[in-house]
Amino acid sequence: MNTLAPTTQSLKNVHCIGLGGIGVSAVATLLKVRGAYVTGSDAVETETLKELKSRGIKYWIGSRPEKMGRHLDLVIYSSAIPEDDEERVRARHLGVREVMYNAFLGELAREFDKVVAVTGTHGKSTTTAMLGHMLVEANANPTVIVGSKVATFKAGNVHVGGTEVFVAEACEHQAHMLELDPDVIVLTNIEFDHPDYYRDVDHVRETMKAFVEKLPKDGVLVWNTNDEQSRRLVETLEHPPTLVGVGDDGMLSANVEHEPGLQKLHVQYQGTHIGDVALRLPGEHNVMNALIASAAASVLHVKGEVIKAALESFMGLWRRFEKLGTFQGADVYSDYAHHPTALVRLLEGTRTFVPNRRVVLCFQPHQHARTVGLFDEFVTSMDEADVVILPEIYGVIGRTEAQAISSRDVVVRIEEHDVARHANRSVLFAKDFTETERLLKETVREGDVLLMVGAGDIDAFARELVRAARP
């Protein structure tokens, strides 16, 4: 703990711009639990905002600087909020300090005895949630912030505990994780993403290396030995911390048996079988997430029997193969996958978790820059789907990027790809959600698995689709 740092526990009056964001909403809840008066604003009404209102957090829709308090201690804003936002301008006029969410997370972390940062391209939220759940079950009283909503956390994306252990999901976008000074880094994997910031995978890896090099001499890196870029990072460390490898060449690994709705993990420690775990999540990627979280929990002195029980009672996350209900007799799942690798893993996991079913994939690409930068990978990432429907690309508010690409372009290339591989299936473009709903009504049939996928507003559309279909 950095006792010289200004404590966030002294904050009494805080305003959050972009309140509905997954990160900002978490710290808003934490501050409210600590006794602060918290207000906020956002562009659109969401279920997250309604949940915050039930916790006593006042908010409004749109930028309304006249509604901001005059005696604010701090304004926290999301990375999507520009400098000329009217409420940010008002804060400066009042002489109130502004801080971006990721920088605030760094300030918050300084108040804890031990800081664990979970980072990587894929699996951050699930791994953070699993580790947090293990620590809660071990009565370690952790404070945990997750980039999703955890079924076993009362507040969803945050568990407010003591100041002994802080577990935070550390986002790699725009190198935001560098705001943290952790004692333990959990690195799930490294792959090229966020082409609006990173040049290539080497740039991602070197930025991750800079983060790892922030660890203290007694720091620990829990890492994925199966991941090529993570191996390259570790090999180039001049003064490596304590290394805890997970995977085929690591200290912890597993053989897996697949059953409908279940994966049975035969866990090995340094090649010796130490027990079995029933994991109710699909895909090899979730096996690795579970193993990495288990290794991190062991570093934090959680007992093996607690780790096993926590994994078997883990109920999953919001928008991570989350079953929403049914539509026209098909089981509907929402998933946050928005990278080609995540799509491949989702589809492979679906095939083993709910076998012998027709899979309809409705995928909304997220960000034009990502779609351009990973275009060829997206074209081949959906091969395992029987039907593909692509609504128009979701553009993130506050991010300026070229929009000279459409989901229609992806559909055309997938059709060409399918001809080359002699695949006969429907690949459809939808200009908006009205057309998406029409295509789904024409396409989906009883017994299908319908995957509603993407990091944009397709999740809200999917929930309304299921709600409207209820008798």
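Glycine residues also receive a Cβ, built from the backbone N, Cα and C atoms like all the rest.
Among the features that TrEMBL reports, domain 'Mur ligase N-terminal catalytic' is placed at 14-112.
What TrEMBL records for 118-297 is domain 'Mur ligase central'.
Under the heading ATP binding site, TrEMBL lists Gly120, Thr121, His122, Gly123, Lys124, Ser125, Thr126. Close to Lys124 (ATP binding site) in the fold, though at least 6 residues off in sequence, lie Val118, Gly147, Glu169, Ala170, Cys171, Thr188, each with a CB less than 8 Å from its CB.
Sorting each residue of the domain 'Mur ligase C-terminal' (319-456) by its DSSP state yields 52 helix, 34 strand, 52 coil. What TrEMBL records for 319-456 is domain 'Mur ligase C-terminal'.
The binding-site residues considered are Gly120, Gly123; of these, Gly123 has the fewest other C-beta atoms within 10 angstroms of its C-beta. Ranked by Cβ neighbours within 10 A across all protein chains shown, the binding-site residues Thr121, Ser125, Thr126 are led by Thr126. The residues near the ATP site, meaning same-chain residues not in Gly120, Thr121, His122, Gly123, Lys124, Ser125, Thr126 whose C-beta sits within 8 angstroms of the mean position of the site's C-beta atoms, are Val118, Thr127, Thr188, Asn189, Asn289, in sequence order.
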